[in-house]
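According to TrEMBL, the features are:
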- 47-66: transmembrane segment (TRANSMEM)
- 73-93: transmembrane segment (TRANSMEM)
- 99-121: transmembrane segment (TRANSMEM)
- 142-162: transmembrane segment (TRANSMEM)
- 174-193: transmembrane segment (TRANSMEM)
- 224-243: transmembrane segment (TRANSMEM)
- 249-273: transmembrane segment (TRANSMEM)
- 338-349: compositional bias 'Basic and acidic residues' (COMPBIAS)
- 338-360: region 'Disordered' (REGION)
Amino acid sequence: PNVDGPATQLGIQKELHIHFRLRRQFSSLRLAKECVMGTSVIDSNNFVLSLLVTVFIQLAFYVGAVITRSENLYDFAGGLNYIVVFVLTLGLANDVSNTRGIVLTIMTSLSRAYLAGFLLFRVLTRKGDARFEEARENPLKFLVFWVFQMAWVFLISSPVIYVNGSGADPELGASDYIGFILVGVGTLFEVAADVQKFFFRKDPSNRGKVCNVGVWAISRHPNYFGEVLIWWGAFTVAVLPIQDREDYWALWVVLSPLFTMFLLLFVSGIPMAEGQNLKRFMKTEESKERFMEYFNSVPPLVPCFPSIYGILPGWSKCLFCCEFPMYAFDEQEQALRDAEKGQKDRKEISSAGPEDNAAA
């Protein structure tokens, strides 16, 4: 055939035109992607995807909780959320053979699976959660708890999300092994603490007594100590990938263990169990004396042997073992509270009508 004919030349020109047009489109798409990646590096590590998945899961469980007027699946939803995010980000990783990501995902997922199962069992056994007594009947107040859990899960998960999504896979180093050990020891501490306390409380002879067996003999809240170790371990594993890619912006994932410590030390952990909430151990002089002996010889979080902790000066207990003044029971404050409550009760009785008094 005549390849130099007009029709053939026209066909070649059309093909070249299409070829160059496709190349320009491809180059434009690649440039756009690079611009997006450059201005929003978080997207490249699946942080946004993880946040969207977290919001979806929590809202789905929230709707179910509002319909059933039950908070029983609240902690379970948190645990499931962690696992979904960890497995999803690992599955989307560029290098599916990333040993660091695989090991960290498995270890943290196992710790979340255990915790979700245990907390679900506990709430079903107790038939309710006191945290939600006032909120469960008000959908807006109830929503606050779920929004908080969205932020909590996303922030605490951040080291694992980064390790899985960064694409960095330097050779395993000392920080990785230290991190794996911290996650493992933390999980064991958490499991041991929960199991030991469960069987301690199950024994009727221990009613009204403080749990001081096993790991509870060296820490007043060993389960919280385990939780803190897990997320410090996860952050430690993220250190080498951050250095390898020089993603120093990603050091913000240290907020994972820091936020965990902040919550447990100052918000929803130890403050909810100690301080004026220790009144349950002050009902008799005998129980008070027994508890104060335990309180003064066992640290609140970081484990220490009673024989050593008992002789430490107050400043060192506060600095190294997190023994803050807010954890102590204040008898004078409790007396004022009791007096105010008694006065309020008397006012309510006096303001009630004769029929109400007679009925009472």
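Including glycine, each Cβ sits where the backbone N, Cα and C put it.
Tertiary neighbourhood of the transmembrane segment (47-66): same-chain residues 73-74, 77, 80-81, 84-85, 88-89, 92, 136, 139, 142-143, 146-147, 149-150, 153-154, 157-158, 161-162, 165, selected by CB-CB distance under 8 Å and a gap of 6+ residues from either end.
Sequence-distant neighbours of the transmembrane segment (142-162) (same chain, 6+ residues past either end, Cβ-Cβ under 8 Å): 45-47, 50-51, 54-55, 58-59, 61-62, 65-66, 71, 74, 77-78, 81-82, 85-86, 89, 104-105, 108, 131-132, 135-136, 231, 234-235, 237-238, 241-242, 247, 250, 252-253, 255-256, 259-260, 263.
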